[in-house]
Amino acid sequence: MVFFTCNACGESVKKIQVEKHVSVCRNCECLSCIDCGKDFWGDDYKNHVKCISEDQKYGGKGYEGKTHKGDIKQQAWIQKISELIKRPNVSPKVRELLEQISAFDNVPRKKAKFQNWMKNSLKVHNESILDQVWNIFSEASNSEPVNKEQDQRPLHPVANPHAEISTKVPASKVKDAVEQQGEVKKNKRERKEERQKKRKREKKELKLENHQENSRNQKPKKRKKGQEADLEAGGEEVPEANGSAGKRSKKKKQRKDSASEEEARVGAGKRKRRHSEVETDSKKKKMKLPEHPEGGEPEDDEAPAKGKFNWKGTIKAILKQAPDNEITIKKLRKKVLAQYYTVTDEHHRSEEELLVIFNKKISKNPTFKLLKDKVKLVK
């Protein structure tokens, strides 16, 4: 976008706003460009479409600015607009619009963007006029490439000396040349894709080769193992060629046998320890059994027979030993069950069944009295 300064009032104005500023500032006769400093009298500012950049301004004498592709296309587009204004078959409304468009340096080159730009910048909302303007542009753009092709064609057909030489060249060389030309024409992306595909193919081929080699190496090993197994089953000795493999298999078997023997020994030791621990526990429990009162004869209830358990007698004996013939249910239960396990050889009943029997014996027997969490012996 080009900016000007008014020489009369000194205000900076955009190129689009110059006409509005002239109607306000009556003494405005000359405008000077802010970037390049040139003076423009009257309507000469309309031809000043583009100015130098800051790099060109402050770059020095030897500076050469880079030409951008977009700028070249934009300049060609604006030139096309100025050529369309000179056409005789253009309506006056469209011509006025084209003159306004030529003052801008950022005219879009696609239909949708061009029409939106016309609506926003030039305030033209009539779609028929917009379509007319765009049709003129499209006709001009389509006619240009045809003219260029006609100019590029030679007037007289010139004999091609390479054609005669190519007929003598063999077909293989011609194919190579065509392939080389095709490779040159390809983009960087296509080349990259081809390289990646080649790498993938090479990797797949290497994997297949490695897999085949591994399978070949594994097959003879399996056969050797099968032969050894057959020979061992038949009672024959393994040949000297396969002696190392046979020794390994024998060593493995010996190790397995020794490991199984050790496990058996360890298991037997553990069982012995458990049995000894059980015996010591039973002895301790027998020591804790209630003793007979001094000078008195033992009661029939307190001497249970081996194998059967006397619930009533054991409970009575434990309560007699307790102070005031009274003990908590928890302690009583613990002592009674301990006595039960020592007396009975085989534990056929579960702990839940034993607890049910214990509760029945306490609650239903009149000699025992329950006081909250305690049991008392009634004399």
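A Cβ is built for glycine as well, from the same backbone N, Cα and C atoms used for every other residue.
Look at HIS21 (Zn(2+) 1 binding site): DSSP puts it in a helix. Its own atom aside, the Cβ of HIS21 (Zn(2+) 1 binding site) has 18 Cβ atoms within 10 angstroms in the protein chains shown. The feature Zn(2+) 1 binding site is assigned by Swiss-Prot to CYS6, CYS9, HIS21, CYS25.
Taken from Swiss-Prot, the feature Zn(2+) 2 binding site applies to CYS33, CYS36, HIS48, CYS51. Counting only same-chain residues at least 6 apart in sequence, those with a Cβ under 8 Å from the Cβ of HIS48 (Zn(2+) 2 binding site) are VAL2, LYS15, CYS33, LYS38, PHE40. In the three-state DSSP classification, HIS48 (Zn(2+) 2 binding site) falls within coil.
Sequence annotations record features per position, and here Swiss-Prot assigns compositional bias 'Basic and acidic residues' to 173-196 (among others).
For 203-216 (among others), the entry in Swiss-Prot reads compositional bias 'Basic and acidic residues'.
The compositional bias 'Acidic residues' feature in Swiss-Prot is assigned to 229-239.
According to Swiss-Prot, the feature compositional bias 'Basic and acidic residues' maps to 256-265 (among others).
Residues or ranges marked as compositional bias 'Basic and acidic residues' in Swiss-Prot: 276-295 (among others).
In the three-state DSSP reading, LYS14 (SUMO2 cross-link) counts as strand. As annotated by Swiss-Prot, SUMO2 cross-link applies to LYS14 (among others), with the evidence given as a large-scale study or a structure entry.
Other Cβ atoms within 10 Å of the Cβ of LYS207 (SUMO2 cross-link), summed over all protein chains shown, number 10. DSSP assigns LYS207 (SUMO2 cross-link) to a helix in the three-state reduction. Taken from Swiss-Prot, the feature SUMO2 cross-link covers LYS207 (among others).
Contacts of SER215 (phosphoserine) defined by a Cβ separation under 8 A and a same-chain sequence distance of 6+ are given as none. According to Swiss-Prot, the feature phosphoserine maps to SER215 (among others), an assignment based on a large-scale study or a structure entry.
Annotated phosphoserine per Swiss-Prot: SER244 (among others), in sequence order, evidence recorded as a large-scale study or a structure entry.
Taken from Swiss-Prot, the feature region 'Disordered' covers 161-307.
Within its own chain, the zinc finger (1-26) is flanked in space by residues 32-35, 39-40, 45, 48-51, 103-106, 121, which lie at least six positions past its ends and keep a Cβ under 8 Å from the stretch. Among the features that Swiss-Prot reports, zinc finger is placed at 1-26 (among others).
Beyond the zinc finger (28-52), the same-chain residues lying 6 or more positions past its ends with a Cβ under 8 Å from any Cβ of the stretch are 2-9, 12-13, 15, 18, 21-22, 71, 75, 78, 102-103, 105. Taken from Swiss-Prot, the feature zinc finger covers 28-52 (among others), and the record attributes it to sequence analysis.
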Give the mean pLDDT for the zinc finger (1-26) on the 0 to 100 scale. 83
To the nearest whole angstrom, state the Cα distance for the pair CYS25 (Zn(2+) 1 binding site) and LYS14 (SUMO2 cross-link). 15
Within a 10 Å radius of its Cβ, which of these binding-site residues (CYS6, CYS33, CYS36, CYS51) has the fewest neighbouring Cβ atoms? CYS36
When the Cα-Cα distance from HIS21 (Zn(2+) 1 binding site) is computed for each of the recorded positions LYS14, CYS36, CYS51, LYS207, which gives the smallest value? LYS14
Binding-site residues CYS6, CYS36, CYS51 vs LYS14 (SUMO2 cross-link), shortest C-alpha separation belongs to CYS6
